[in-house]
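Asker: Shown below is the structure under consideration.
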Amino acid sequence: MPMSSSPAVAVAVASAAVVALAVANRVLYKLALVPLKSYPFFLAQLTTFGYVTVYFSILYARYRAGVVTRDMLTLPKIRFAVIGLLEALGVAAGMSAGAMLPGPAIPILSQSFLVWQLIFSVLLLGKTYSLRQIIGCLLVTSGVILAVASGANDGHLLSGVKLIWPLLMVVSSAFQAGASILKESVFVDGAKRLKGKRPDIFVVNSFGSGFQALFVFLLLPLLSNLRGIKLAELSGHLNGGAECFLNVGESPIDCGGAPFLPLLFIFVNMAFNISLLNLVKMSSAVVASLTATSAVPISIYILSLPLPYIPQGAELSASFILGGIVLLMGLILYNLPQSSKESKTD
């Protein structure tokens, strides 16, 4: 059935907010890792515990205001625990890889998120997609690949980068895609348990971030081994990260841009995650992912420019524009009005 104009406008406004925040989030993600390049796990810890503090504060306020009900708070926590584990692995792996990758490479490698998301939505939610939607998603992925692979004037964008880092970014996207599909399942299952009323987004965000903080802490010794940091050195590593973040003491590396850039990233990242989950609640995880993907060419273009603390730039060719056109064609194709036959299978 066609949507009424009011929900359609609401989804359009939410989508525009997601695109704007997605661009800011991707650019600041790389900028935040400039001063903390040697301390990605400290930034992961800081970001995660920032989530817990802010999200639970908002959740408490919404509970007192009556927006969040007691029934929402008593939803089963096992899915939240799995979401937290996946997001902890995704954040730690992503920040480790992001610190070692050139800026424009991060958005393109992150597009594996959409592929993983389609796979997981079929396996976990039992969804099916029409040929038109599958082709649309393939065009989106092809567009961003074309924009980056042929867009840098220095040839191969990942030349000189060890294979482990791009692979780790792809694995990070798999963890995050699994978490996003589980969040969608929480909304669907929660609506059944709450008699048609979907759980508040801050219930999902708060409990998910709480378990994420727990798992980031528990998995830190294991994850730190990926960067060759021994358990005995972990405490000193985190202390060094704190000093670099505060930009105090005599750090052996240049911590210029801290703490402003990391704090700005954390703020924008929270706003992006809230807006993205709101769009998931209004539509679906895949639609939200496709919307965020439309910000990729803009992010790549900005990251190719000389930026504060990243003076190296890259001239993008006309193929970048072609890639953007292919991406938008994919988005349009996926979001074309469905026929009644397609609606039965989507």
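Quick reminder: no glycine exception, Cβ is built from N, Cα and C everywhere.
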Asker: Out of 4-25, 202-223, which range is noted as transmembrane segment by TrEMBL?
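Answerer: Range annotated as transmembrane segment by TrEMBL: 202-223.
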Asker: Residues sitting near the transmembrane segment (163-182): Cβ under 8 Å, six or more positions beyond its termini, same chain?
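Answerer: The answer is 79, 82-83, 86-87, 89-91, 93-94, 96-98, 100-101, 105-106, 109-114, 116-117, 120-121, 124-125, 208, 226, 280, 285, 288-289.
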Asker: The transmembrane segment (287-310) and the transmembrane segment (202-223): do they have three or more Cβ pairs under 8 Å, with pairs 6 or more apart in sequence?
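Answerer: No, the stretches stay apart by this measure.
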Asker: I'd like to know if the transmembrane segment (80-99) touches the transmembrane segment (287-310) in this structure, counting it as a touch only when three or more C-beta pairs sit under 8 Å and are separated by 6 or more positions.
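Answerer: Per Cβ check, the transmembrane segment (287-310) does not touch the transmembrane segment (80-99).
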Asker: Against which stretches of its own chain does the transmembrane segment (40-60) lie, if we need a Cβ under 8 Å and a gap of at least six residues from its ends?
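Answerer: That would be 32-33, 68, 88, 91-92, 95-96, 98-99, 200, 202-203, 205-206, 209-210, 212-213, 216-217, 220, 223-224, 227, 229, 237-238, 240-242, 244-245, 262, 265-266, 269-270, 273.
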